[in-house]
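Chemist: Questions regarding the structure given below will be posed in turn.
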Amino acid sequence: MVKICGIGAGYVGGPTMAVIALKCPSIEVAVVDISHSRISAWNSNKLPIYEPGLEEVVNQCRGKNLLFSTDVEKHVYEADIIFVSVNTPTKVRGLGAGKAADLTYWESAARMIADVSKSNKIVIEKSTVPVRTAEAIEKILTHNTNSKDIKYQILSNPEFLSEGTAIQDLLNPDRVLIGGNQDPEGIEAIRKLKAIYAHWVPEDRIIATNLWSAELSKLADNAFLAQRISSINAMSALCEATGAEVSQVSLALGKNTKIGPKFLNASVGFGGSCFQKDILNLVYICESNGLTEVANYWKEVIKVNDYQKSRFVHRVVTSMFNTVSGKKIAILGFAFKKDTSDTRKTPAIDVCKGLLGDNAFLSIYDPRVTETQIQKDLSMDGVEWDHPIHLQPKSSSVVKQVNVVGDAYEATRDAHGLCILTEWDEFKTVDYERVYDNMEKPAFVFDGRNMLNVDKLREIGFIVYSIGRPLDQWLKNMKIVN
Ligand code: UDX
Ligand code: UDX
Ligand code: ADP
């Protein structure tokens with residue numbers, strides 16, 4: 001029986017390993033993590049991450065060919081193939097701070113693998129890493145190994161799943177990318193990994209490349225997707241200034257088969273653990289290679305994203321008579337997108353901090369994010385558009401200005417305005433007449449996800465701002481725009 005060990009039981013490692021176990025009943029999959037609380041959650045009825053369909057997959061395989069453990073060394077020792085899905089955050093201090101990837105977790109995983117291994121291993125990079133990381137990992141493994149007879153093959157097999165649709169993405173991937181050395185041992189390692197995916201992925205979707213192409217493709221993939229969002233968000237600002245409608249522009253663009261329809265939704269800004277981190281990483285690699293123009297090109301994608309968030313805050317404040325001080329504002333949605341409890345780099349953090357900076361009182365509701373997480377997110381780092389990252393002391397007054405509540409009606413009661421920051425489906429079915437009746441007047445809606453029916457809201461009496469659409473007539477007549 002082939003044995004697989006997955007190091008890192010997070011958003012990537014957990015679902016990926018669970019789907020491999022589901023599709024390969026003849027393979028024993030052990031998922032290990034240094035975090036005891038994460039592993040005990042994976043072994044409980046309340047999984048540590050929310051992901052549609054994940055619970056069903058875990059319930060089918062756990063106790064059969066899927067196990068979760070903190071005994072990292074034992075399972076690494078026993079495995080033939082090791083997937084490494086540890087976190088690679090942006091470095092916060094030292095060389096490359098604010099841009100380069102922090103490979104501390106990766107390096108310590110590699111040193112541990114070298115320490116405990118007594119047989120040949122295929123080591124797979126799952127988490128996104130800078131180009132040529134495989135080379136560094138290979139050095140760590142071969143220079144720390146117990147015996148010259150142990151051979152390591154490093155493969156790059158980046159994960160392309162999106163949170164919220166992870167299980168579907170894993171079951172039916174557009175493509176599986178496997179990068180490896182182009183010598184006979186490397187090609188054999190690629191073949192072994194291909195054989196695992198071939199249990200459920202059609203062969204023509206499994207692409208083999210050299211190591212560096214696979215590593216770079218992952219960074220490029222996220223940079224291109226983020227660039228599309230920043231491009232449409234930049235257009236949304238122009239739409240608001242000219243009377244064009246961004247949704248109509250998106251539709252027209254998407255019908256061009258050269259462009260395609262996906263990732264063209266204007267929004268309050270992109271978030272998530274990958275886009276900003278990977279672009280900063282790309283920028284750092286470009287700068288390190290003397291490619292200043294290329295670095296500057298990609299930096300603009302982040303700058304436009306920061307601009308979109310600050311523009312949203314500016315719009316809220318200017319619309320509400322240039323001050324939100326002492327006003328209650330309801331925030332509907334805090335996660336970085338719907339169907340996830342993840343708040344990493346969510347635009348909601350920067351928008352809320354911007355409003356708190358103007359002394360607003362926030363009443364926040366998100367169907368999946370806990371109060372502890374929201375308070376933690378809002379009392380840490382400085383706002384994102386203040387690059388480079390700097391730390392602010394925790395402020396107890398910020399905590400007092402923030403109230404986390406259990407539903408949309410409670411959040412909006414007596415509020416002057418409401419902001420939609422995540423496109424949760426349930427916000428479409430809220431009774432906005434009831435919401436309107438219980439809000440202060442004039443009642444403002446700021447739809448950061450363009451998900452609500454603007455005309456209906458205006459009929460009810462709301463003053464509405466949505467991204468990239470003509471502004472409410474009332475605001476225009478009052479000449480308080482800009
Ligand atoms: C373009 C648009 O495609 C068309 O929709 C619009 O109506 C007019 O402008 P055109 O300029 O005729 O058409 O040619 P196009 O095929 O778009 O190529 C433009 C330039 O981009 C060429 O120099 C082409 O060589 C280059 N190109 C195109 C690339 O360098 N790489 C590509 O992948 C595609
Ligand atoms: C992304 C990539 O899609 C995935 O391929 C990669 O493996 C990891 O990073 P993820 O961050 O989970 O996945 O979510 P994604 O759906 O890409 O959304 C990222 C952010 O962009 C979210 O904040 C989302 O709301 C925003 N977004 C997305 C838009 O603002 N407009 C869009 O049209 C699409
Ligand atoms: P991602 O979104 O990339 O999956 P997460 O932060 O959700 O990132 O998950 C990464 C996981 O890797 C964390 O649960 C962390 O505890 C784990 N981890 C980090 N370093 C190691 C290590 N050396 N050995 C085992 N697990 C590790």
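Glycine is treated like the rest: Cβ placed from N, Cα and C.
Annotations for this protein, taken from TrEMBL, read as follows:
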type     : residues                                                    : note
ACT_SITE : Cys274                                                      : active site, nucleophile
BINDING  : 8-13, Asp33, Arg38, 86-90, 127-128, Glu163, 274-277, Arg344 : NAD(+) binding site
DOMAIN   : 330-454                                                     : domain 'UDP-glucose/GDP-mannose dehydrogenase C-terminal'
Chemist: Since the record lists Gly8, Asp33, Thr90, Gln276 as binding-site residues, which of them has the fewest other Cβ atoms within 10 Å of its Cβ?
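Modeler: Selected from the binding-site residues Gly8, Asp33, Thr90, Gln276 on minimum Cβ neighbours within 10 Å: Thr90.
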Chemist: If the criterion is a C-beta within less than 6 angstroms of any ligand 2 atom, which of the recorded positions Tyr11, Asn87, Glu163, Cys274 pass it? List them in sequence order.
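Modeler: The recorded positions passing the 6 Å Cβ test are Glu163, Cys274.
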Chemist: Cα-Cα separation of Asn87 (NAD(+) binding site) and the residue listed as 'active site, nucleophile', in Å?
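Modeler: Distance (Cα to Cα, whole Å): 11 Å.
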Chemist: Please list, for the domain 'UDP-glucose/GDP-mannose dehydrogenase C-terminal' (330-454), how many residues fall into helix, strand and coil according to DSSP.
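Modeler: Tallying H, G and I as helix, E and B as strand, the rest coil: 41 helix, 19 strand, 65 coil.
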Chemist: Sort Thr90 (NAD(+) binding site) into helix, strand or coil using the DSSP assignment.
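Modeler: Looking at the DSSP assignment, Thr90 (NAD(+) binding site) belongs to a strand.
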Chemist: Got a sec? Which of Thr90, Glu163, Cys274, Gln276, the recorded positions, have CB under 6 Å of any ligand 3 atom?
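Modeler: Correct list: empty, so none.
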Chemist: Looking at Cβ-Cβ distances, which residues of the chain lie under 8 angstroms from Tyr11 (NAD(+) binding site) while being 6 or more apart from it?
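Modeler: Non-local contacts for Tyr11 (NAD(+) binding site): Ile49, Glu51, Glu163, Ala166, Ser273, Asp342.
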Chemist: Validating a neighbour-count step here. Other CB atoms within 10 A of the CB of Cys274 (active site, nucleophile): how many?
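Modeler: 24, counting other Cβ atoms within 10 Å of Cys274 (active site, nucleophile).
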Chemist: Over the domain 'UDP-glucose/GDP-mannose dehydrogenase C-terminal' (330-454), what does the predicted model average in pLDDT?
Modeler: 89
Chemist: Other than its own, how many Cβ atoms are within 10 Å of the Cβ belonging to Glu163 (NAD(+) binding site)?
Modeler: 24
Chemist: Report the nearest neighbour of Cys274 (active site, nucleophile) in space among the binding-site residues Gly8, Asp33, Thr90, comparing Cα positions.
Modeler: Thr90
Chemist: Looking only at Cβ atoms, how many others are within 10 Å of the one on Asn87 (NAD(+) binding site)?
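Modeler: 17, counting other Cβ atoms within 10 Å of Asn87 (NAD(+) binding site).
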